[in-house]
Amino acid sequence: MKTSGQLPHEKQARPGSEAVLAFPDETDLRVYGPAESQSAVFGDVCPLLTSLLDGYNVCVMAYGQTGSGKSYTMLGPHSDDGPVLPLDPQSDLGIIPRAAEELFRLISENPSRSPKVEVSIVEVYNNDIFDLLAKDTVAAVSGVKREVMTAKDGRTEVALLASEAVGSASKLMELVRGSLQLRAKHPTLVHADSSRSHLIITVTLTTAACSDSTADQACSATLPREQTEAGRAGRSRRTSQGASAPQPVSGDPAGRAEQVQARLQLVDLAGSECIGVSGVTGSALRETACINRSLAALADVLGALSEHRSHIPYRNSRLTHLLQDCLGGDAKLLVILCISPSQRHLAQTLQGLGFGIRARQVQRGPARKRPPSSQMEGKRRPD
């Protein structure tokens, strides 16, 4: 988990008195204090990017109360221009721009894998899904409303979702910057630039299959030695717990290279909020209610998974329905919990820690690679 952020203004998150907790998809828990750099936190993410290139689905999710540093952790300091690349290793840019740059650096290390990278960006606002990349002149200041569905291959998808092919980290971040301009925001007494929606950035990568060792070597080239060793140790622990690497999708009869398809989901959740503290009224009050209900639904799903219930209430919220594959599926999941030690926010901090406990108690099956959609035509899973 991770706690960063200097209440009441998230854009001034570090330095501050908050801390960050990171829950990788294993039994480990790592705590980052306010003195830790963004680069150190990204050290937990980098091994997951190598897994992405190897064909595994990956999800990185930031959870916490409003103003606790989620957007800072995921994006970096607030700026009207958004994150700018290339980044300085010592900069305060967050996980999303660092992941974009590292992903394309890894791709450049082995261009023979012929990757295709596509990006889609949505926000879940008032329990509705809005496509922030849709080209619609009517929706000049907001996204286009979409519906979530289960595709023929069994994956959870957004119908008619726009996606764009990108060939560089700068192009990816250009799309992110444009989407952030459309994201719903509203000032509160706790946060002057409070996000009122859940932001989900999905990077779909179709690439030639390759071994784990290739990606490991690529990732280690730009990380400090201690972070690289920590990442390898984490991967070793996950493997020992059953997350074995399965066989890639077979090549077709024409003899073309084997390929795997994987998705990286980067999720900046809206903050849980106490109405009495935030002072919201009117439309902002409805936004707060929808945010809290969707986060409660997310906690309920994790609780049901941890207790091995026969029914998992994914459809109680469009947020959980959209994230169904990464929550209960075969993805490698990293939960980042941003908390505040302030006495004033004790109730929200305890709620956040309770969410983290539920996330840790979920016993997920082995992560496995997913073939391209064309290879899974006709296969469905129960809703």
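From the backbone N, Cα and C atoms, a Cβ is placed for every residue, glycine too.
Residues or ranges marked as domain 'Kinesin motor' in TrEMBL: 1-362.
The Cβ of THR66 (ATP binding site) has 26 neighbouring Cβ atoms from other residues within 10 Å, across all protein chains displayed. Per TrEMBL, ATP binding site is recorded for GLY64, GLN65, THR66, GLY67, SER68, GLY69, LYS70, SER71.
Here TrEMBL flags 216-257 (among others) as region 'Disordered'.
Sequence annotations record features per position, and here TrEMBL assigns region 'Disordered' to 361-383 (among others).
For SER68 (ATP binding site), the Cβ neighbour count at a 10 Å cut-off comes to 36, with all displayed protein chains included. The Cβ neighbour count for GLY67 (ATP binding site), using a 10 Å radius over every protein chain in view, is 33. Mean per-residue pLDDT, taken over the domain 'Kinesin motor' (1-362), amounts to 78. Of all Cβ atoms in the shown protein chains, 32 besides its own fall within 10 Å of the Cβ of LYS70 (ATP binding site).
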